[in-house]
Amino acid sequence: MYVLPRQIQLMALYPLPSAIILNKLIISSTSSLHFTCRFSPKPLIPSLFSTTTAAATTSSSTLFQHHSYGPSLYKGHKKHQNTDNFDEENFTRVFDITALRVPSEHCFSLESKLRGHLLNWPRIRNIARVPGDDIDDELKEFIGNNNDAETLTALERRIYGKAEGDGEKMCSVLYRDKLARTFNSTGYVKFQNLAKLSRPKKSKKKREEEEGSGRQRKGLGRNEMALVEVVEEEGSGDEDLSGLLGDDFIRRRKWSGSTRLLLLDERYANKGIEELPEAIKAVLKEHNEESTRLSFEIVRCKLTLFYNYWQMNEVLEVLLPQGMIVPSAFETVGHIAHLNLRDEHLPHKKLIAKVVLDKNKPKIQTVANKIDAIHNDYRTMQLEVLAGNHSLVTTVVENGLYFDVDLATVYWNSRLATERQRLLSCFTHDDVVCDVFAGIGPIAISAAKKVKYVYANDLNPSAVEYLERNSVRNKLERKIEIFNMDGRRFIDSIFVSEKTRAITQVVMNLPNDAAEFLDSFRGIFGKRNKGRQFTLPRIHVYGFSKAQDPEFDFHEQIRIALSEVAFEVEMRKVRLVAPGKWMLCASFVLPETVAFSK
Ligand SMILES: C[S@@+](CC[C@H](N)C(=O)[O-])C[C@H]1O[C@@H](n2cnc3c(N)ncnc32)[C@H](O)[C@@H]1O
């Protein structure tokens with residue numbers, strides 16, 4: 001099963017639309033605790049997801065109980081609900097959380113001290129940055145370390161020609177002119193954001209973006225999972241540094257150095273300072289005593305989790321009818337995911353495939369469903385492509401080698417990679433290997449890298465084409481001879497031919513029927529010049545058994561096929577392919593009596 005790992009990205013956006021400063025706590029060495037509650041906290045109302053499939057209207061209370069901690073699609077506020085189609089916006093959930101705005105240089109030490117009180121949601125960093133937390137490096141240099149009130153006031157005077165209460169704001173032309181004169185030439189050139197000063201504060205496009213869907217907002221592309229925004233009062237009318245520091249600079253009365261948000265655990269959402277545990281207050285006080293200019297704020301935030309945040313099973317759980325088993329596993333071959341859907345899933349197959357594709361891109365580009373058990377001679381899978389690109393030709397890397405595969409026309413099973421490795425580990429560089437059912441060559445080509453020589457055969461012309469292509473691709477074509485014939489004929493001709501090197505290992509990987517091919521070995525050396533030297537090959541034959549004692553049963557099949565009982569067989573269970581059905585591998589040296597029988 002393949003589960004794609006993902007990275008959380010907390011996006012910085014432009015100043016926030018809606019506006020409430022809920023609780024504000026300022027701790028400084030000169031002040032005691034201030035707590036202002038401008039608005040009464042809103043209780044968190046769990047909002048449920050009603051899906052496009054009628055049957056997915058699961059009872060709210062039940063679901064909420066099941067998801068009491070951590071993010072869930074059954075919690076948070078929905079942005080909007082489009083009931084007609086599968087719409088990624090339907091999976092956006094907004095959570096109210098409380099955060100501590102702390103000086104950036106202290107965020108890591110505070111993070112470790114506040115462990116247990118911080119948000120502990122998968123893939124969400126509990127240290128967040130929002131617009132306005134940082135300042136351009138050029139400006140930082142300009143301010144130096146003196147970001148105390150006096151320096152900041154002086155900076156404001158230099159930028160705006162005034163400080164708070166000094167009178168009217170300058171027009172932008174004069175302002176720019178003044179700024180250009182204020183900075184020396186080096187400073188001006190280095191000052192990236194100066195160009196923005198003459199730009200209108202909010203472009204039409206930006207206003208439209210803001211009014212339109214949240215997904216169109218600046219910096220919020222397809223790959224973002226989460227966004228932290230501080231809920232602050234809009235349009236305070238205060239002069240701000242946004243022109244100078246860029247559009248992302250948040251409006252704040254005073255910039256007091258770089259800050260970060262420490263996201264508090266969800267249980268503190270909408271809580272005031274008095275309601276926070278003593279442990280948090282004690283940590284803040286302790287830090288406060290260490291520095292003369294530390295200030296901490298309790299801020300109310302919105303944490304938005306987008307469609308990209310949710311795992312495949314979480315999305316499918318709300319999309320599929322209640323009680324239906326959510327398909328959670330699939331196999332991958334290169335860029336192709338192949339599902340094995342149950343009958344009950346079939347009416348939803350396209351939806352399931354879309355989610356599998358979305359949640360596993362870019363590694364997965366095609367999602368297909370296996371529509372039938374493998375019955376045909378070439379052991380190919382019957383696949384129906386449900387989502388993504390329709391090509392079933394892909395490349396698999398195994399054992400450091402590249403294998404091109406067309407799943408529509410050839411056999412491939414990634415699950416056998418370990419078994420192939422085990423088998424290869426039995427070979428030495430003196431071996432000459434004969435692969436009777438080679439497919440596109442995972443054993444034959446890997447063996448060619450290690451052994452002296454390989455004879456590889458398959459009945460399927462397409463498999464042989466890929467076998468040739470893969471041997472060339474891996475630059476091993478000089479060590480492999482490829483045949484396209486029935487296994488029985490191949491065994492017969494390869495052992496009879498005088499040109500053939502002495503074969504030491506034979507691989508027979510056609511578990512459904514391989515044992516039936518064993519009788520081909522009867523008398524193979526009897527047909528040849530008796531005066532010659534013969535090497536009895538070691539045969540590795542695969543088979544299935546549903547018997548109570550699968551090893552014994554497979555052993556029996558081999559004895560019957562060879563009409564011989566007195567020889568040693570090493571038997572291994574490879575894997576359980578279905579309930580009660582084992583795949584086995586039997587290895588034995590071809591008995592002399594069989595090889596020379598008449
Ligand atoms: C289970 S696959 C194994 C392929 C390869 N060894 C692998 O591990 O991927 C069996 C292969 O035997 C081939 N095959 C089936 N019947 C055959 C026959 N009578 N003679 C030769 N090859 C045959 C199929 O085309 C298929 O590629």
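Glycine is no exception: its Cβ is also placed from the backbone N, Cα and C atoms.
Automatic, uncurated: that is what TrEMBL annotation is.
What TrEMBL lists as region 'Disordered' is 198-219.
What TrEMBL lists as domain 'SAM-dependent methyltransferase TRM5/TYW2-type' is 330-592.
When secondary structure is read from DSSP and collapsed to three states, Asn509 (S-adenosyl-L-methionine binding site) falls in the coil class. Under the heading S-adenosyl-L-methionine binding site, TrEMBL lists Arg420, Asp458, Leu459, Asp486, Gly487, Asn509.
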Exercise. For the binding-site residues Asp458, Asp486, which one has its C-beta crowded by the most other C-beta atoms within 10 angstroms?
Worked result: Asp458
Problem set entry | Close in space, distant in sequence - Arg420 (S-adenosyl-L-methionine binding site), Cβ under 8 Å, 6 or more apart | Glu398, Asn399, Pro442, Ile443, Ser446
For this session: Tell me, roughly as an integer, the mean pLDDT over the domain 'SAM-dependent methyltransferase TRM5/TYW2-type' (330-592).
Result: 94
Exercise. How many other Cβ atoms sit within 10 Å of the Cβ of Leu459 (S-adenosyl-L-methionine binding site)?
Worked result: 18
